[in-house]
Each structure stands twice: as structure tokens, then as C-alpha cells.
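Student: Sharing a structure below in C-alpha cells format, with a few things to ask.
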């Protein structure tokens, strides 16, 4: 089916320029790259761009810590990021920075248009100020309890638990991330973008049917709670662009960050000497398609602020947002202590890029679901699918063609009907790639790989090769096998660019989507070389260990209690739920004859008495003051027979030992027998 060539601009969210790329980042860039490569194979004009998000207080402060300028730090980080993405074969047409002339000009242009159109409001606000550091505190440099869902340890601009946005002054019990001080309030004039003016437009955009259902539903919640004016300014000191005609005021990073998509594309057009494409892609009535691949944590900014800014400054809105979930490793959040917080560069020291690209692709869909990188399953799936099914199909047939027929394929297929079954699947597989139902595409491809391998099993070319007068049959069977391999690799080319390049070299033919309608016949292939090696669990073990060592090498020396007594390995919630902690009243406390370490405690659990031996005598040489205190005990610990009697539980205490042991006590109001949760 002939497709009309489309003009498409694709972006990934801009990585922040103060840290390395890790496997969580790579999910998005791989997802977008697979989609882009498929679109290019179908003949569409695709511009794939990204940039580093290079502004904000975190970058300014980190550069100060490193003793370098912010410009030097973001320059070094940009090179590192680009090296990582190139290592994973992310096929960007341009990778730029938000700290650029193009981005400054476009940010000022959009701001000026918004201001001229009446969408920028000025007002004086009370703002949190760090009295120790002498600076206003940006959103991300205040932490406290979310005013909406009451989750602790949340940043000052939005809650990572419930997704709500708010001002830093709304936080409960705020603390400065910079110094730990309790901030004070000071007045400052700020500039606000009038987001509520765009509510009707945004709701119509939401109802257009283009957005993912989960995104549209979340946006509807925000509409129902009411849109608020958005503070787009920050006070000096700040690393970013100064607002025109407003000395000491800077654009908030989230204003100029998405404009970085435009800046990167403008930079690409200028490199090409192209004076028309920028306007063609970004003008109000553009027929080009614009897609943003983003994580679910930044939907608010991309679905509300960004399209409203574009609308208010007379630019086009995105065609769609493609939102994905988070990455977990072995069923849990990535962990530095467990070695599962894995940098992209570390991965490439132990595995090739294709392996991770394949595993992520096999698990992705168009929904906003989290993806678990189970490292054991990863090894099994890569070996089972890529090695045993796809590559094995080529290796089982290539040797006979090379040795017996000088590398020349037969003039006819052994089973044209079977080959048509393969080519007929192109439409459904293509639709799966196009709609980002990547897992579905992989399942269809692997099902056909099974069909191809069954064909080879049934035809048994190794048997035919030993039978006289059957050379033509042997050549036709192996030609059929290699043509099915060619079709499979064509479909997998967007996912496995390195393997696809090796397959093209072997087949002596480019893997083209439309070309599979014509099989390779009477065609000379090159001598077969191993296309892909099996991977092993020992590589995973080395990867995890290397990640742990990297953390040790870069982490600040740990001092205090954690240095002497590190946190234990993570347990599951089910494991924790087995421990029954109860409030207990100490009815009696006395020395244990024959022991200089133990005290015998008689505990009341609110109707049940327990006898507990506890090694706290060194900290409590006079046990009498303990009588009448409340403490916490493990109530379901199996009784333990000791030389002095049976201990029926364990009381909870902290400290390194000796005189520094501190028996835990609940707050006033707790009662014996109550469960500690």
C-alpha cells in the first residue's frame, strides 16, 4: 500500500545537564528512535532532535561545587550525553543545548508575544529565602510535605507522588535543600503566565482524541481543580536567560526548556542552510506533524503550559504527546546500593546496545505503563529470541549456500505460499510499529520466526545435503530459509540497527520495507560470519558490580552511624509485614544474676505479660527509672531459651552499644498492646 510521505518532527525530553544518562533515560530515547527509524523506512521525512536542558539553580550550584563555570560544566556534560546516545545508536539529526543563541532569541520572542497579547501578569509575591545562603530558593531547592496529599520530602514545585503542582510557600514544614535552614519570607516582583486564559482551548485539544486516554483523563482532573497562573520568573542569582527589560529577573527553566525543541530545530535548519523549514514546521497552520516523547512525570508541563505558550505566541501546537512510564530493575526502583542504578556508559562496557533496545522494545506499548528490566529475564529473552530464533535461522542455511553453491541463492523459492504468509504480515507489523504497540510487533515477528525455524526443521537441509541428486532441493530450501531471515530482519531493523547492518553485509542487500515483496533469487550472498553472540549471567553480575564500584568511587565519604552500620539489603513489604511491633509497658526491670550485659524486663502488652532479656545494662546501670516507661517490642519473635530463662520477644533500641544505647519509646498517648505500623 503506497503511503503519502509526511513531514514529521520528533523530540525526546531534554536531559538535564547536571548528571549522566542512565537506563531510565534510555527507555524514552530507544522508544522514540525505534519509531523514527520505522517512519524513515516508510519514506517519511523525519527530523529527530534533542538538546540538553542546561539552565537552573541546580546547575549553577553544582558548578560552584566543582569549582568551574556553569558553561564549562554543561559543555562537558553535553559531550558525555551525546557520546552515550551515539553508543545506543539514537539517530538524532541534531543535539543542541538550551543555553544557545537560538534558544535565547526564541524565548525572548515568545515572551514578548505573550506580553504583547496580554498573557503576562506582574505581581509582588512573598517568596522563601535562605537566610544562611542569602538567596531566594527556587522550587527544587525547597523540600517539605505536599500540601495536597501530605507526602513528605517533596520538592517546592510539584509532588512526585500525586502529581500536583503548587508554589513553594504552600509546602508544609519547608526546608532549604542548600543549607537545611528553615526559610523566611521575603517579597519580590514576579512575572506570571496567564494559563487560565487558555482553559477552553486546552480542553478542546484534550477532547480531540489525539492524546493517550490516560493523559486526557489526568488533564481533565486538572481542569476540574482549576488552572492557576504560572510563575515564569526567578530571581538572581540564577543560571539562565535574563528577562528583557527586567534586570535581575530570569526565565524559569521550564519556560525556556521546551522552547529548546524549537531552538534545536532552528540550529539544524541553520546548519543546513535551510531558510524555510523552521517556519514550515512551526507556523500556526503547519501541516507537518510534531510529536514529543516524554515521561509521565512531566505531562503537566507538556500538556498544559507548553501548548498554551505556543497558542499565545502564534505558533503551532504538538500533534501529540507520546508518554511512557518509569523503568524499574528486578522489580524495584533503581538502586545505587544494589548496583541497579546503571549508567548508559556502564551498560555499553558489558553489553551491546541492541540487547537493551530489543528488551525495552519487546515490553513497550502505547500505554503509560512502567517497564521492568528483569536482568535474568533479559538474558533469557535475548538469547531465546535474537540468537536462537532469528540469527540461528541464518546460520542453519548460510553454510550450505556458501559451500555448495558458491554463495548463490536459488532462482526460485521452495515454498512461495509460505513466503507470502510472511510478506502479508507486513501491514499488521507496520501498524504495530506506527501505533507504538512495540510488544505486539515483536510477538508477531517472533511467532513468524518460529514458523520459519519449523520449516527448516521439517525440510532438514542437513539430511538433504547427504542425499545424491538433491542439490536443487537443498539450494531452494536454504534460499527459502535465508529469505525468511531477510524478512524478519527487515521488520527488526528499527530495533536492532547493529545486527541489521551485519545482516545487510551478509545478504549483500539493503533491508528495505518495500523490497521484501520481491525475494532474493539467483543472488550472491557473502560468506557467513557470526552475527550475534549469546549473552551470559556473568556479564550481568559484572555489570552490577561495576555499577556499585562507580557509586563508591563518586560518592562522598560516609560518616556517622551509616559508616559503621550500613543499611541492610532491601526487603519486600510482605517481609516487613511479618514483623509484629507492639507498644509495651515496662512493669519491672532488674539485673540478671550472672550477667553483666542483660536486664530482665517484665512487659505488659495490654492484657498479656512477657518476660524479655535485653542487652542494655551498660546504658542503664540503674534499671529502676525504666519502670513505668513505654517501649516498642517485637511481639511475634519466637521464644528463645537462654541460660537465665526464656526470652519472649525483643525490645527496640538504637545506638552503637556500650553507654550509647537508647531504648525506643512511643509518643504520649500510645497504649500497651497497640500495633506499631
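Just so it is clear, glycine is given a Cβ too, placed from its N, Cα and C backbone atoms.
For reference, Swiss-Prot lists these features for the protein:
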BINDING   146, 149, 159, 162  Zn(2+) binding site
BINDING   336  ATP binding site
DOMAIN    575-677  domain 'tRNA-binding'
MOTIF     15-25  motif ''HIGH' region'
MOTIF     333-337  motif ''KMSKS' region'
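Where in this structure would I find these features, and how exposed are they?
Tutor: Sequence-distant neighbours of residue 146 (Zn(2+) binding site): residues of the same chain at least 6 apart with a C-beta under 8 Å from its C-beta are 152, 154, 159, 161, 162, 164, 166, 171, 172. When secondary structure is read from DSSP and collapsed to three states, residue 146 (Zn(2+) binding site) falls in the coil class.
Per DSSP, the secondary structure of the motif ''HIGH' region' (15-25) breaks down as 3 helix, 2 strand, 6 coil.
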Student: Find the average pLDDT over the motif ''HIGH' region' (15-25) in the predicted model and report it.
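Tutor: Residues in the motif ''HIGH' region' (15-25) carry a mean pLDDT of 96 in this prediction.
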Student: With Cβ-Cβ distances below 8 Å as the criterion, list the same-chain residues six or more beyond the ends of the motif ''HIGH' region' (15-25) that contact it, or say none.
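Tutor: Hits for the motif ''HIGH' region' (15-25): 50, 52-54, 56, 58-59, 62, 73-74, 77-78, 80-81, 84-85, 97, 326-327, 329, 334, 341-345, 347, 356, 373.
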Student: Under 8 Å Cβ-Cβ from residue 149 (Zn(2+) binding site), six or more apart in the same chain: what's there?
Tutor: 159, 161, 162, 164
Student: Have a look at the binding-site residues (159, 162) and report the one with the fewest Cβ neighbours inside 10 Å.
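Tutor: Per-residue Cβ counts within 10 Å for the binding-site residues 159, 162 bottom out at 162.
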Student: What does DSSP give as the helix, strand and coil breakdown of the domain 'tRNA-binding' (575-677)?
Tutor: 6 helix, 47 strand, 50 coil
Student: If you count Cβ atoms within 10 Å of the Cβ of residue 336 (ATP binding site), leaving out that atom itself, what do you get?
Tutor: 15
Student: Tell me, by DSSP, whether residue 159 (Zn(2+) binding site) is helix, strand or coil?
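Tutor: SS state of residue 159 (Zn(2+) binding site) = coil.
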